[in-house]
Structure formats: C-alpha cells, structure tokens
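Contents: one structure, followed by commentary.
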Amino acid sequence: MCVEASQGITTLLIRDCQRGDADTYTINVRNSAGSKDCKFQLKVVGKPGICTGPITFDEITADAITLEWGPPKDDGGAEVSNYIVEKRRTTDNKWTTVASAIQKTTMRVIRLHDGIEYIFRVFAENKYGVGEHLRVSAVNSEGIGEPAEVEKVTELVDQEMLPDFELDAELRRTLVVRVRASIRMFVPIKGRPVPEVTWSKDDTNLKTRAHIDNTESYTLLVIPDCTRYDAGKYHLSLENVAGKKTGFVNVKVLDTPGPPVNLKPREITKNSITLQWEIPIIDGGSKIRNYIIEKRAATKKAYTVLSTTWQKCSFKIPDLKEGAYYYFRVSAENDLGVGEPAETPEPIRVSQAPSAPENLYVTDVTSDSASLAWTKPLHDGGSLITGYVIEAQKKDTDQWVHVATIKALDYTVTDLIEGAEYTFRIMAVNASGRSDPRESRPAVIKEQTSAPSFDLRGVYQKTIIAKAGDRLKVEIPVLGKPRPVVSWKKGDTVLKETQRLNIETTPTSTILNINEIKKKDGGQYSMTGKNMLGAMTETITILVHDIPGPPTGPIKLEEISCDYVLMSWDPPENDGGVPINNYIVEMRETTALVVGNLFKSTGLIDGIAYEHRVIAENMAGLSKASKPSEPMYALDPVDPPGRPVALNITRHEVTLSWTKPEGDGGFSITGYTVERREMPNGRWLKANFNNILETIYTVSGLTEDATYEFRVFARNSAGAVSAPSQSSEAILCRDDIEEPRLDVDASYSSTVVVMAGEVFKLEASVTGRPIPSLVWTKEGKELEDTAKIEIKTSEFHTTLTNKDSLRRDGGAFTLIASNPGGFAKFIYNVKVLDRPGPPNSLTVTDVTAEKCPDHDGGSRITGYIVEMQGKGSEKWTQVMVVKSNEAHVTGLTQGEEYTFRISAINEKGVSDPRPLNVPVVAKDLVISPTFKLLFSTFSVLAGDDLKIDVPYAAHPKATATWLKDGVALKETTRVNADATDKNLLLVIKEACKDDVGTYTVKLTNTAGEASTDISVILPEILVTDQENQKLSL
C-alpha cells in the first residue's frame, strides 16, 4: 500500500488487494486555511471461503448417504449461489461431480455401490467463481474457496458415468439441406445412468415438428420435408445424476428467401409513394440478389409488377392517382428463386399537404374579440383534414402568434386589445402536413353594428337552374351586426323544413338544401334577415329542368315499303321545362330462336359495338333475361408483329427492332408492348411501361451474363391486341464489340447533282456494337446542326439535309462512324449547278486574259465573252467570244486607254462580268525577261531522256543562251535547245553521268537580261568507300 500525490490529485494504491483490505478509509487535506476530511468505503469481492466443516453424514444405506456441511464463513462479498459436490473411490484418483447446483448445505447422494469406499468434497460457488480443487471448498467468480474434506465412508453404491456425446464431422460444421429434403441428425450418446435427452430450438416446438428417437446409445432427430423456417440452431442436452452436457448443431436450409421485414411508406406525395423495408430475416441460405416490387389499386385484385431487378431497400413509385388507395408487396429473390412477399397490411392513400382554406372571414368584432369563419380547402391533398391552425399578427409587428388548433370551421379569438388592428391567418392540416396560410383582411377590434343584407353576387340574375333529381345547395352570404336572424318563404308561405328540404345556418351564410329536387320545387324563394337595426328581404327564382315525358302515341305508320317505314307521333305532354331538341328512334330485329346453348350471331357491321342477352323459354313461358354480355366491337383480328431482332447488345441493355403486322384489323396500329423472359425457366414480364410508337425499343435493367428472349404485341386504335410475335433468338447480355459498318444507298456512289436553290439530302444507316458515334465533316471541318444544314442522328441512322443550295455548298461530305471496334467512313460528292462565276484574276499580257472562273456553276464552261470600254465612254462593246481562256484584241488605237471585262458562259447562262483591275493603254509592251520556274533541280535515271522546260516572260522576244558548269553548252544530236515566245526547252537524250552538273540559262532583250541555274542529278550514280565498304548516294 502506498500513497502518491501530484498537483491537485492524490492516489492511494493497494497492490494485490485481499479481502482483508476492505475497510473505511479517511483522506485528510489541510493547509494554512484549514483542513478537510473525506471518508470512503472499500469493498473487496472475490471467491467464497472454505465451507465450514467437518462434513457430517446421516441416513446411510446400501446405495445412498446424506451429506451435510456448513456455509463458508467468508462468502467473497457475494451471496453463495450453489454448492458443488464431488466424490472419488479410495482406489482411484479421479474425482467425479455428483451435483453442481445444490442450493442447500445438505444433499442425498444415491446410486452408490455396496462395499465401495468413497471420499467426498464440497465447493461453494458465488457469482465470482468456484473454490480451489482437491478440497471441499466454496467457489465463486473471484476464485476457489478452501475445501472442507469428509472422512472416508464405506458404502455400496452404483457406478456412475457423466453424460457424453460426439458429433460427427458433418454436424460439427453447419448442416446444409435443400428445401423439401429431410433433416436427419444422428448422435451417439453414453452415460450411467442413461441420461435424459432433450432437443430444443428457440422458436420451434420440436415435439410437434420433429420425430425424435432416443435409446441408451444414440439419439435421432428427423424433420421430413423441411422448409426455410427449420433453419437455425438446434440444442442438445444430456443429463443424469452424474452431470450434464450440452451442445448444438447449426442447420442451413437452402430455399427461397423469407419475406422482407418492416415494409412501410417512407414518403408520400400527391402522386408518388416511397417504400422502405429491411432485408429478410431468413435469406434462404444464399445472398439476396434483388427485389420484386408490385402494386395494386385497392379496388382491384391483380398486382402489377413495377420492378424485378431492384437491389436497394427503398423504392419510389411515381405516377400514382392522387387520393387513391394502393396495396404494395415486395418479394426478395436469391439464387433459388423468388421468396414470400411482404405486403402492406392496410391500403396506403396517395396524398400531400392540403390547399389553403377558402374565404377566411372576420364575421364579428367586439371590444376584445374577433369571430372567424372559413370554408374547407378545395383540395384536401388526398388525405382527411385533421384540423386547422389559427395565427394572429398585430399591426406594426412581424411576429405571427399561435392562437389555437381546432377541427371546426369557425372560431372566436379572445383577449384582443381594443382599438388595435389585427390580421388573422389559418392553415389546414392533414397526415402529410400543413397547407399554405390563408389570410383575412385587417380588422380593428371595436364594437360594430350594421343593418342586415345579403350578398347575391354569386347568383346570376337572381335565378338558379337545377336538373330534376340533383341535389341543390344554395348558399347566400349574410351580412349585418349583430348577426341577423334569417327566415325563408316560398311564395307567400313560410318554408316548411323536411328531411328532403331544409335550411342550414352558418356564421357567415344561410344555405337552402333540396335533395332530389323535383319539378314542383321550382318557384320564388324569399329570405328575410332581421337584427336590431332593421330587416332586409331578397328573392331568388329556382327553375327545375326535367327530362321530357314519352312522345304521345301510338306511333302512326304513315307509309311502309320493303326498305323503309315512314312513321309519325305527337310531342310529349310534358317537355320537362326545356324545349325539345330532337328525338331518338330505335329499331330491333326479330329475336332469334335458338335450340341448345350455342349461337352464332352473323351479319354484324364492322366497327359497331354489340351486346347480347339470352332468355330461356319452356312450356310455362319466358324466363327473365340474362345479364347483357360485355360490349364487343365487330373487328377483324390484328396480325402479330414480326420476330424481334437485336440491333445492339450490352451487359444491361438490348435494343430490339421488328416489322409492323401485315394486317392491322382495319384500324391503324397505335402502339406496341414488349415482354421479356429470362431463360430457361423465367416467366414473361412486361418490359415497357409507356406506349411504344416505333418498331424499335431499348430494354434496360437486364442482368449481365443472363440469357433472355423477347416477344412483341401490337395494338390498334380500336383497342384490339394481337397475338404475341414469334420469340426472338436467345440473347446473352454481354458487352460485344463489332466494327462499325455504313449502309449507304447505291445512288450515293455517283455524284449527287442538284440545281441551285434546291434541297439535297444525304443519309446512311449504321451498325456496330457498341452503338457507333456519327460525325459529318466537309473539307476537314466538323459540320453542326444549323438553320441551313439540318443533321438528324438516331442510334442507327443519320441524315444531313442542305437547304437552299448554292454553288459553294457542293463538294465532298464525309460521314465517319466510330466505336471501340474501329471506324468506317463514306464520302458523298455533291455538285450544285448554277450560272458560272465571273472569270478570275483578269490580267493583260499582250492584251491576253488568263485564268478561268473560280466556279463553273457545276456545268462545263463553254466560252468567254470579251468586252471593252474606251476612256470617257459608258458603253461596253462586245469584242469577241472565245473558248479558251485568252484573247488577242486587235484594231486598237495607239495611245488610247481601254478597260476590259470577261464573262463566262455555260449551259445555264452567263456569269457576272469580271473587269480588268486597271485600265490599259494601247502601246507596245516592254517586259524585262523573268523566269517562272517551279523548281530548280531535275532528276533523271541513266539512259532516260531528260527534258527541262523553263517558262519565262519577255517583250520583245529575248535571246536565250545555255551554259553547263560555266561553259557554253554545245548542241549535238543528243543535246538540243529550243525556244518559243513563252518557254525554253532543253532536251538531252539517253542521259549519262557526264550530263550531271549545273546548267545556266540567260535571257536578253532590249529591256534587260536575266539568268537562272538548274541542277541535274542521276540517282544511280553511287560512290564506293573502299575502306568501310559502304555505299553513299
């Protein structure tokens, strides 16, 4: 024991604490200001002490003895819960337990063997443990007490053996059994005397569920035709006087899962419900793969499947009918199939918070109160209104004060301040929450009076029209303070109230109710309101319209023919208070007499709905008619659609396409329904929840690596549904890569020719997996959807439409389809025919126009018109028409200035003219020599002829001189030089290595001179490096 102290803390440390350390401890703290004591009680708990001895015995017989001992003096700080008694033969060192749950300090030991000598010992036990061994002792959770031994007793006692059993390897592990098989647990047992065998399971009465067979050497439990509820832990207990042994066997039953737990709505709106649930307690021995969610309207018996692949424990059901009641159920699915469903016990109503109450009025004001009245909301949110919340706001404050929550439609707010101005508001409450508030007009709190009056603004011309048989409710707002007393009259007679006709009074109005109104209820109704300030009477008129009586008969047949009858009748005596609009004439053919209970009705008219009923007849007469059959249209059947074909397959989606039915039953096809079935044994499930208008549809939500087949139904505008199409081929849901392919009409292989101003369309179909992306380009630039170029692209088709075509819209359009498998492209050539454009770059070289138009208008240029205009003249004169792109104009006056222009011609017309940029003066041209070489190096193979063409310009004509490597070139039969007005030509026949070198050509005229160098090489000439044996060019 030691004491440790630090700043503000002191610690008493007792190591190896013993029972004797239990005591009261005092801490004394003192300083110059005084001292303080604190006491605390230390309690040390542990195992009980040694039982008080010696053990005494009594009532000794040949096979039994009674032992008695005293309790331990030290109980270890806890009550002794039981005693353990052990025995052994004097000839044996092995102790065996006689009993382990003895509550008293005495015990009768039986089944001893005559003539055998025994030694006994006793242990005490509390909640802290058991005493130490080899002595009679008390034991508890803190340790073992000291034993109290007994003297040797010689008795004849029976031989005993502790119960024991051994589970085989299969039972030691989890026993796995398929549903509807038998659970069989065979366990060998031993023990003397024969132990009592007990099988148990927490949630099952095994006596009624299982067959249990017990013998001296084994116990057998058999459960035939097991279910998922037989899974769990089975406890086995063996017990005799020698002791007890327990064990257990875990059993797993492979089955479909049990129902999900705690299915309930999590959120409810006016058109949707979100469900939530917990995973099933019993998973059937395998992982839950997904859930199947279904719904049904409370008025129907059949469930509709919402989802079969949902994997979460919550699901939102949209598009529900507001105010309707629905049942929902959820089933879990594992590898063995779909389990039992969990169903909502009560129907769930689709609702939301209500709309605001209507017409909040301050009906009365006193010096300290205000009476409010309102009408129910127009919309209750789909759920019952449970009450109304009233709040008030005093003028010049921003705070709304809660007044009351009530269920009535009126309320008087009290304890208000006289002279103050208040605004009130009210909110309706239902199961989904509060509505928006409805505010009243501001009201000043003071005593007010006014004469009676009625607000007839809601009654047009003080006249109300009702249909006979309807329920009439006339509500007239009543004004006046104090609140007037209202009385009603019909004509001059006080209105007598009955169960059918009565008056209802509210704080703000008077209401006339007439149930099943009749013709006689029409007339003048007056209401009179009276209070202390006077009286006021108003009158309204009620008109009752009824159906007319039957036409006055009998019907007169005026004229009869083989194909018509002319008949007449008199008007009804009673027109119902409304002029007769028209008459309806009905015709019935003679009834057919049928023997037997089968009849074919023929001669029906296509598209007409028919009902049939049957009357039985015997000698006594005719029976009552049967109920009419359901109305049925006389319609031709709809042929089934074509067999669906997979256009695209991924791991979770399949895109299908099919052909329209050959026969539509006489009415247009309005939609399709697609069903899917998981192979090999799945059931057919609806794959679409919206109407399918096209013959292509993508089915989503599929399981990867699962195999499916699909079928399609067609429906026409008359409501007839076809038989299902032929099922598709088995489709494996797996990502597949297929190189894109473009399917282009053969007409696009040649150039597409259109006239200017017209529309041209380019289109193609595409295949590939995954679905390829499509891009249109022109001249390397990607095209986009604009007002002029319209691009429409679906998953397997694309169209490019060019509107109001111009010449520049022609050219090469490229369509590229690409996916991970590769790409494909197709080039469309488009030519737009138009008038040609003006010639380009008109120049004068010796009065010669060069270059063709930029655009030929999509048609070959057939010629050019050359026109000229003299200086100071506004008239253009046609000079000539030529077919080439040059013209030589003669007959000009030397020194005069001229302007020229050129127009191109094709089969579509004449282009706009292109003028010469600057005027030209007619005089001899002087041009210094210039070369127009495109390149300065020429290459020729040895033995081939070499031709060097050098374009040039010069005026007057220049003289040409050729040099090779600075030496004048000598012409021979192999080397020849020639010259024209525009070109120089050097020809070298059968070129050899001697012809390699630099050639210089010089041009000279009166305007000057020019020269240029040209290199000639022979690629076959190689130089050998003797040392490295390498060849270099």
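Heads up, the Cβ atoms here are built off N, Cα and C, so glycines get one too.
Over the domain 'Fibronectin type-III' (51-144) the predicted model carries a mean pLDDT of 79. Taken from TrEMBL, the feature domain 'Fibronectin type-III' applies to 51-144 (among others).
Feature annotation from TrEMBL assigns domain 'Fibronectin type-III' to 259-353 (among others).
Summarising the annotation, TrEMBL assigns domain 'Fibronectin type-III' to 356-448 (among others).
Sequence annotations record features per position, and here TrEMBL assigns domain 'Fibronectin type-III' to 550-637 (among others).
Under the heading domain 'Fibronectin type-III', TrEMBL lists 640-736 (among others).
Taken from TrEMBL, the feature domain 'Ig-like' applies to 740-845 (among others).
According to TrEMBL, the feature domain 'Fibronectin type-III' maps to 826-925 (among others).
Marked as domain 'Ig-like' by TrEMBL: 929-1015 (among others). For the domain 'Ig-like' (929-1015), the DSSP counts in helix, strand and coil order read 3 helix, 52 strand, 32 coil.
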By DSSP, what is the split of the domain 'Fibronectin type-III' (640-736) into helix, strand and coil residues?
0 helix, 39 strand, 58 coil
Quick check on the domain 'Fibronectin type-III' (51-144): DSSP residue counts for helix, strand, coil, in that order please.
0 helix, 54 strand, 40 coil
For the domain 'Fibronectin type-III' (259-353), give the DSSP counts of helix residues, strand residues and coil residues.
0 helix, 52 strand, 43 coil
